[in-house]
Amino acid sequence: MDPGFSVDEIAPIAILMDELRSEDVQLRLNAIHRVSTIALALGPDRARDELIPFLQDSIDDEDEVLLALAEELGRNFEEYIGGPEYAHLLLGPLENLSAVEETLVRDKAAESITKVAAVMSQPQIEQYYIPLLQRLSKGEWFTSRTSACALYAAVYDRVSPPIQDELRRGYAQLGSDDTPMVRRAASRWLGSLIKKFAKQHVLSDGLSIYRKLQSDDQDSVRLLTVEDLIAIVQALSPPEIKEQLLKQIRQTVSDKSWRVRYMVGQHFNELAEAVGQELVREELVGHYVQLLKDNEAEVRSAAATQIPGFSKLLEKEIILARIVPCVRDLCQDNSQHVRAALANQISGLAPLLGRDATIEHLLPLFLHLLKDEFPEVRLNIISKLEQVNTVIGIDLLSESLLPAIIELAEDKSWRVRQAIIEYIPLLATQLGKSFFDEQLGNLCMSWLGDNVFSIREAATVNLKKLTEVFGVEWAKVQIVPKVVGMGQHPNYLLRMTTVQAISTIAPSLTLDIVSGDILDTLLQLAQDPIPNIRFNVAKSLEVLALTFGTTAEGRQLIVQRVVPVLEAQKSDPDADVRYFASKALQKAHAVEAGA
């Protein structure tokens, strides 16, 4: 027994060790989550001598227990066994876990092995980590070989050149493995390994491994080589790219599998930024147009997300001649998902084209998309109009913009209504006060009566933001009378919304407006027949006490008008009302005492 611990402290450790052996999965899982506590209580020596060997034998268990163990061992566990000099002892149980059947466990074990490697010295890595890597790389089961692929990059730049040579050869063998799952893992991790290579090794070894994987007969392997391609391109100069990779770039962009082309579409900007201006003009513009016209909607959607980023690399004339015609076609695309992806990105072209070209070429497309039958398309256009407004001004947009906003505001999907509400303050900033009051003011108030609570809640937050945009005097005239008027409504939900709106908006208003225009209505609602409204009034009065209790006038108002109502509510027949009234009173009295 460790002399640092008493019998009382050792007893729970014994219980935890028993739990690790328990037949109950949940008990074992709980014990694993507390394995650091066990290690701490045992002390470094016993943790190394007893706990680690025990854990190394504990791989015949449920996947969730093994996953938890793999995760715990990667959480600075070396601190519990004597520090980094003993970190290599953790590799034993993790090596076992990285060969199990369940992918999640293997991935977590590999991740933890790389975390352990980060605290190991070079001699430790060469003595313990490299042999582990070689064992996994030559393992009989494909599971260990797939895990091995994730472990090369973590230590490649921390070992001597002869060992680096061995690692490159070992990885090349994994890239030629008979099992597709291993080749897939090799594709997945090749990019991160290549980033550690010196340039001559990228050219001598990295390229040959990549080319083999890029021509694999499995599309699940080839699609993962897209990111490898980008890593190699980033390591080479434009002339080297032109000489070594042009064939592979062409093959990848026109791959027979749409999944590979989809990956290219998703990562096209990274590729374009890495290859250099000359190759973008000579090669990639044509390839990009090809992706925008692809037969598969998923590929066109992925390519559409890259439009503004890729166009930044082109001259204005090329954008107008090559990209804009494709954008025009995509506006009419049969797939609503393609149109939605385009609508999310098309406004990014406006700053690149300038005012005149935007008005001539893009504005008709914006207006077309604003009338799209699919709400997400219209919503995506509206949510990104700020860029367009900056370039051409709101006047040209507002005429067509308004009908689309009103239509979205009344959409049958409450999520669409909520999204448009969240955009209103930004739109208000663009439109200006008079246009907003005339066209959108009533719409904003109508949301307060929506039959979905989330919409009513979003509408109250919207009013607060509008107050911050247009100022308190505007709110006094345009918002306060309408909110207060709802307090007399026969529908209790609208009366409730009044209380919630007051709670939300009041901190943005002045004391004069609250005391003169709002407080009477709130205090009347304290007598409402519905208990939910009464206790929300108490919560609202607490907000007023905290907001305005910092000035002498505010404290006076709280003491004279708010406290008596809360005192009365303390005797309310409803328990919730009494609770929230007492809570609010405590805050009100604290404010009063603070004077």
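Cβ from N, Cα, C; glycine included.
TrEMBL does not curate its annotations; it predicts them automatically.
Residues annotated as domain 'Phosphatase 2A Regulatory Subunit A helical' in TrEMBL: 365-510. According to TrEMBL, the feature repeat 'HEAT' maps to 90-128, 206-244, 245-283, 284-322, 323-361, 362-400, 401-439, 518-556.
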Per the Cβ filter (under 8 Å) with a sequence gap of at least 6 from its ends, the repeat 'HEAT' (323-361) is approached by 288-289, 292-293, 297-298, 300-302, 304-312, 314, 316, 368-369, 372, 374, 376-378, 380-381, 383-388, 390-392, 396
DSSP puts the residues of the repeat 'HEAT' (401-439) at 34 helix, 0 strand, 5 coil
Beyond a gap of at least 6 residues from its ends, the CB atoms lying under 8 Å from the repeat 'HEAT' (245-283) belong to 207, 210-211, 214-215, 219-220, 222-227, 229-230, 232-234, 236, 238, 290-291, 294-296, 298-303, 305-306, 309-310, 313-314, 318
Per DSSP, the repeat 'HEAT' (206-244) contains 31 helix, 0 strand, 8 coil
